[in-house]
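J.: Per TrEMBL, the features are:
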- 12-32: transmembrane segment (TRANSMEM)
- 48-69: transmembrane segment (TRANSMEM)
- 90-112: transmembrane segment (TRANSMEM)
- 118-137: transmembrane segment (TRANSMEM)
- 149-173: transmembrane segment (TRANSMEM)
- 179-199: transmembrane segment (TRANSMEM)
- 219-237: transmembrane segment (TRANSMEM)
- 257-283: transmembrane segment (TRANSMEM)
- 304-326: transmembrane segment (TRANSMEM)
- 332-353: transmembrane segment (TRANSMEM)
- 365-387: transmembrane segment (TRANSMEM)
- 393-410: transmembrane segment (TRANSMEM)
Amino acid sequence: MDGRQLTSKARFLLFLAVSGFFIAVFFNMYLANQLHDHDYGDFKVAEAFFNLGAMIAMLGGGGAAIRFLGKPMAEGKSDVIWEFVRTFTLLILLCSGFLALLIWLASIMHWHFMEAELHPLMVMAFSIPFGALTLLLSGVLQTAKRSDLAYLPWMLLFPTLQFGFCVFLKEYLNALTEFTAVLATMAAALGVAVLQVYFVFRLRLVRMQRAPHSRQTRVWLVVALPMMFISALQIAISQIDIYMLEILGNEAQVGHFAAAVTTVNFYYLLKMAVARACIPYMLEAWSLGREATVFLNRRGFQQLFSFSTVLAVICIVMGEEILSLYGDGHDAAFSALMILLVGYVPFTVLGMSADWLKYVGHERFVMVSLALCILTNVCLNTVLIPAFGMNGAALATAISMVGYTIVLTLKQRQILGIYPWSESMPVAITRWLPLQRRS
């Protein structure tokens, strides 16, 4: 694959991310206009738990697949791949059950002692294994260089089904509530999981034949667990404020702030799309030396910088109009949106530092840095939310994101010898597939 093909791949994944993002935005606008602010806020809390819970329940299997399944896949050892998938599927079921039990116990205690209503979280807990299985199989498909099949269902089909089911519930059954919206999300997650299973077997990537001698659960988990924590913490950075605003702030602001978070969440999708195009080649580039590393690093940075800049301008110029589409009063979150941009823009533009460090053996450093970022975010939220409401929540996120980005950028310079923006040298890369852009 040359540089032009790599760019095309990144743009295709970005197209999926953009399309899915706008469908998700329209879905949230529709839902925000159909539900009361409090009910919409409850749904967003449940949805945030689904995203985070699926990442935790996967236990890093999707990321570990890229590290461990490349060689068996090249050698056609589909039974070895099945052993990997089977092991992590069982772990997903076990972890999902544990998370569901915790949520139910916590919800029942909260309902009993606080005399509060039951929360949609209790229903959403049952959708976690579907989301986790989808993420696991996406890693297998990505290892097979089928990024289109790995991300098309999750990025595009999932929000489309979620939106379609909710419209059906409202227009034909007149039964759209925060709880039925959760059921629609669960049905969409199940549909996507079934499609991913079909893709994996259709491509004959796995064969349902045991290979116990190839099972290295301990070795797999040593690599997978830090990746799980990294992915979960990356999601938590953008979601923790919603939880804390519900606990410490005005509940009416949760829905407004969720609209700002949903809008700016495109940056997370942008980072994911570009990174997913580059990740399959990171280990090979690193093994070939500085020239190949600089080339791939620079290519990713250029894509992230250009699209992040365009999106920032759109949010600044049209932010109030975009937020007003979520319903009356949601444009009050414009200042929070602007504050969030201060954190999300550098977090995204320099975001490939984390991926480089993960795949060259420094995943523990990334994990610790993210944990400190979350801790900083939580501490700042406890002070800023009571004083400034949702603007305080946005400020806490921005400060923690900027600090985390600076730390990882400096660490990348220390380990790789380059910054994300470092120029590539004009020397042909003849051994790397070749990964050279042809002018």
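Easy rule for this one: first residue shown is 1, then count along the chain.
Glycine is no exception: its Cβ is also placed from the backbone N, Cα and C atoms.
Burial and contacts for the listed features, if you can.
T.: Within the same chain, residues 40, 43, 147-148, 151-152, 155-156, 158-160, 162-163, 166-167, 176, 181, 255, 258-259, 262-263, 265-266, 269-270, 272-274, 276-277, 303, 307, 325-327, 330 sit at least 6 positions outside the transmembrane segment (12-32) and bring their C-beta atoms closer than 8 Å to a C-beta of that stretch.
Tertiary proximity for the transmembrane segment (48-69) is limited to same-chain residues at least six positions away from its ends with a CB under 8 Å from its CB atoms, namely 80-81, 84, 88, 91-92, 95-96, 99, 103, 121, 124-125, 127-140, 142-143, 185, 189, 216, 220-221, 223-232, 235-236, 239, 242-243, 279-280, 283, 358-359.
Note on the transmembrane segment (118-137): residues 42-43, 45-47, 49-51, 53-55, 57-58, 61-62, 65, 85, 88-89, 92-93, 95-96, 99-100, 103-104, 107, 110-111, 150, 153-154, 178-179, 181-183, 185-186, 189-190, 192-193, 196-197, 199-200 of its chain, located 6 or more positions outside it, place their CB under 8 angstroms from a CB of the stretch.
For the transmembrane segment (179-199), the list of distant contacts is 31, 35, 43, 46-47, 50, 54, 120, 123-124, 126-127, 130-131, 133-134, 137-138, 141, 146, 149, 153-154, 157-159, 161-162, 165-166, 169: same-chain residues at least six beyond its ends, Cβ to Cβ under 8 Å.
Among residues of the same chain six or more beyond the transmembrane segment (257-283), those with a C-beta under 8 A of the stretch's C-beta atoms are 1, 6, 9-10, 13-14, 16-18, 20-21, 24-25, 28, 32, 40-41, 44, 66-67, 142-143, 145, 147, 150-151, 155, 234-235, 238-239, 241-242, 245, 296, 299-300, 303-304, 307-308, 311, 315, 319, 322-323, 326, 330, 333-334, 336-337, 340-341, 344-345, 347-348, 351-352, 355-356, 359-360, 390, 393-394, 432-433, 435.
Same-chain neighbours of the transmembrane segment (332-353): 256-257, 259-261, 263-264, 267-268, 270-271, 274-275, 278, 297, 300-301, 304-305, 308, 312, 315-316, 319-320, 323, 390-391, 393-395, 397-402, 404-405, 408-409, 411-412, 420, counting only residues six or more beyond its ends whose CB sits under 8 Å from a CB of the stretch.
Counting residues 6+ beyond its ends, the transmembrane segment (365-387) has Cβ neighbours under 8 Å at 226, 229-230, 233-234, 236-237, 240-241, 244-245, 248-249, 354, 357-358, 393, 395-397, 399-401, 403-404, 407-408, 411 in the same chain.
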J.: Residues of the same chain, at least six outside the transmembrane segment (304-326), with any C-beta under 8 angstroms of its C-beta?
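T.: Counting only partners 6 or more residues beyond its ends, the transmembrane segment (304-326) has Cβ contacts under 8 Å with 14, 28-29, 32-33, 259-260, 263-264, 266-267, 270-271, 274, 332-334, 337-338, 341, 345, 348-352, 421.
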